[in-house]
Structure formats: structure tokens, C-alpha cells
Amino acid sequence: MREFQRAAVRLHILHHAADNEVHGAWLTQELSRHGYRVSPGTLYPTLHRLEADGLLVSEQRVVDGRARRVYRATPAGRAALTEDRRALEELAREVLGGQSHTAGNGT
């Protein structure tokens, strides 16, 4: 997966985990709806890394009659999401805003 797509997947995960508890199967479906093909071999290491970084917490729960690990954003995860949103807004303004930038002019 390319770096920009990894960052987008991270942003999606934090976005959804900030509002609700999420689990891997649901995230796979949700990401697929947005055009991302994320295998379990990519998704679960990403979830584990976000948890190790203190951005998510998880616990085992019964969901739809099955034992599943559910994830939710921590306060640090919500703060990271806010920072990511700001960075994305700035990038979108620069790249999609229609502004002309000349190399070397400092803008």
C-alpha cells in the first residue's frame, strides 16, 4: 500500500474510532466502500501499531454473537485526528485550491 493510502486508512480508522467502537471486519467493509482494498494482513498490524502508539485502546467483546476485538480512540488518538484533519485541510487548500505557485518564490 502506498504511503498516502496508508495515511488515509489511518485517518479513516481514527475518524470512526473517535465516534464509535469499531472492529476489524467492519473497518474492512467501511474502507472498501471508500475504494480501499485493505487485507487483514495490512489492517490488523495498522490497528496494533495505533494501539501501541497510544492512539487506540481495545478490548475483547461479543459483537453479533461473536467474540471480537473492538477499538476506540484514546484522547491522544482524538488529538492526532484533529492534527491530521488540519494537515489534510491545508494540503487540500494548497493542492486543490487552484492557487498558482512558482518554484522558488517562497509560497
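Backbone N, Cα and C define each Cβ position, glycine as well.
For reference, Swiss-Prot has these:
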- His16, Glu30, His34, His101: Cd(2+) binding site (BINDING)
* Structure fact -> Should one count Cβ atoms within 10 Å of each candidate's Cβ, the binding-site residues His16, His34 would be headed by His16
* **Residues that sit under 8 angstroms from Glu30 (Cd(2+) binding site) by C-beta distance, when 6+ apart in the chain** => His12, His16, Val22
* Asked: Three states by DSSP: which one describes Glu30 (Cd(2+) binding site)?
  -> helix
